[in-house]
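Let me begin by presenting the structure, written as structure tokens, before commenting on it.
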Amino acid sequence: MYTDFKKNLTPLALAAALCLTVPALASAAPAAAKGKPAAAATAVKSISLSTGMKDGKMVFLDEKGQANPVLRANVGDTVEITLKSGEGAQHDIVIDELKVASPKFDGKSGAVKVRFKVTTAGKFTYYCSIPGHKQIGMEGTFEVAGDSAAAVPVPEGAVKSVAKAEAGKAAAPRSGVKGGVEQLYTAPGVPGADPRAVSVSMDPNLVPKPIGARAPQFLKWRMETVELTGKLDDGTTFEYWTFDRKVPGPMLRARVGDTIELTLANAKSSKQIHSIDLHSVTGGHGGGEHTQVAPGQEKTIQFKLLNPGLYVYHCATPLVPHHISAGMYGMILVEPEGGLPKVDKEYYVMQGDIYTKHAHGTKGHQDFDVNKMAAEMPDYYVFNGAVGSLTKEHKMSAKVGETVRLFFGVGGPNKISSFHVIGEIFDKVYSEGSLTTIKKDVQTTLVPAGGATMVEMKMDYPGKYLLVDHALSRAGKGLVGAIEVTGPADATIYNATGGMAH
Ligand SMILES: [Cu+2]
């Protein structure tokens with residue numbers, strides 16, 4: 001926001017040359033015009049900060065490795081902060097009270113600088129404005145010593161030049177002048193849909209083969225975290241964070257007693273640190289403690305699968321609900337000894353809630369909204385990552401007489417699901433993903449955020465069976481899927497026109 005603010009003021013080229021922020025300019029100019037003497041010689045104060053993790057927090061670090069150091073300057077100083085991403089993730093530095101904002105920087109951008117003149121004494125807060133970063137540690141104090149009122153550090157000549165630049169600008173034709181002052185007060189529109197957007201919606205057919213009755217094994221898996229612009233809805237795009245470019249991430253399948261070596265790689269193009277916490281893993285925060293991976297890096301952990309069940313995995317990097325909402329969740333099935341009963345069809349479906357700047361249905365590129373997420377007010381609810389994923393893009397089908405098994409999970413981050421299939425009854429429900437306890441003949445099953453369930457239904461009658469969350473307002477926000485069942489209609493089961501034998 002402040003970056004745009006400054007961009008809009010580029011006609012005031014001199015202001016930039018003087019390293020003045022707008023408020024500084026505004027306060028300095030009239031005072032100088034009154035002929036006050038210039039203040040005593042002031043200094044350029046250079047500060048170098050990098051970013052990194054320290055004691056489990058994300059922080060700014062000075063050259064001595066001090067976390068979130070108190071930055072000091074005197075009224076009248078020009079401050080130059082050089083910023084560099086130590087771990088490669090994207091950050092910036094903002095001081096709201098002084099209207100200071102640096103450009104965003106990451107591992108690829110290299111170091112960036114922000115220069116500004118301080119005219120006000122006091123204690124101010126500097127922080128990183130990337131959603132969540134302030135909350136997990138990236139903030140500190142900026143102390144300015146001196147007397148605010150006496151702050152007139154601008155030489156008279158410079159003020160004249162500024163005035164000239166202003167005059168020249170006023171004379172320029174208003175229409176079509178990009179960056180005119182009036183633009184600062186224009187309500188922001190919705191940016192256009194990103195033409196580079198790809199499909200991120202996971203195909204529910206991509207279920208790994210059953211494990212069956214084999215002995216425990218040692219397995220090596222590799223996953224990559226990728227940030228990419230994806231299609232959220234027709235004409236609407238969104239910045240997704242993913243495991244292996246899909247939402248949900250790949251379904252993993254093993255058996256109880258297997259030992260897994262999992263390597264998590266974070267794509268070079270990423271701006272965030274990512275990680276994985278698998279609910280099937282005992283110890284180390286499910287892996288989240290030891291898989292915090294910076295862009296372009298990778299980490300490997302090993303774990304033994306001690307309990308059978310259907311488990312959610314997700315990214316566990318702060319702000320965790322942001323990473324989850326942006327698409328970083330999936331499931332791992334740990335089959336019991338001997339495997340699962342055979343069925344005809346298996347599908348992989350997950351539910352998520354998404355928070356956007358603009359209302360559901362807005363065309364264009366939708367930005368993530370951290371405040372709506374904090375308030376738990378989603379604009380979109382999705383099965384497999386996007387609106388229409390399981391109705392338009394991918395097909396689930398069965399024939400009359402076949403048994404369908406759904407691996408259903410809720411990534412969330414916040415909303416539970418009252419999972420229901422319209423026109424069917426779950427013959428078996430493995431509640432909460434517990435494969436050792438079976439419930440029979442269930443209409444709607446509750447699935448918690450970060451939880452899963454396995455359901456089985458024999459499809460007795462043809463038709464289109466809709467998957468919903470029975471909190472049905474959510475269907476209007478994108479949450480609907482379909483299983484197409486074909487085959488002969490048994491008139492003793494259902495008869496639309498009456499005349500059923502009895
Ligand atoms: Cu992440």
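Even glycines carry a Cβ here, placed using N, Cα and C.
As recorded in TrEMBL:
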BINDING   His274, His279, His314, Cys315, His323, Met328, His470  Cu cation binding site
DOMAIN    51-144  domain 'Blue (type 1) copper'
DOMAIN    231-337  domain 'Plastocyanin-like'
SIGNAL    1-28  signal peptide
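Ligand 1 lies under 6 Å from the Cβ of His274, Cys315, out of the binding-site residues His274, His314, Cys315, His470. Counting every protein chain shown, the number of other Cβ atoms lying within 10 Å of the Cβ of His274 (Cu cation binding site) is 28. Looking only at the domain 'Plastocyanin-like' (231-337), the predicted model's pLDDT averages out at 97. Most other Cβ atoms within 10 A: among the binding-site residues His279, His314, His323, His470, that distinction falls to His314. Residue counts for the domain 'Blue (type 1) copper' (51-144) by DSSP state, with H, G and I taken as helix and E and B as strand, are 3 helix, 45 strand, 46 coil. When Cβ atoms from all protein chains are considered, those within 10 Å of Met328 (Cu cation binding site) total 30, not counting its own.
The Cβ of Cys315 (Cu cation binding site) lies under 8 Å from the Cβ of Thr225, Trp241, Phe243, His274, Ser275, Ile276, Asp277, His323, Ile324, Met328, Tyr329, each of which sits 6+ residues away along the same chain. In the three-state DSSP scheme, His323 (Cu cation binding site) is classed as helix. Counting residues per DSSP class in helix, strand and coil order gives 10 helix, 49 strand, 48 coil for the domain 'Plastocyanin-like' (231-337).
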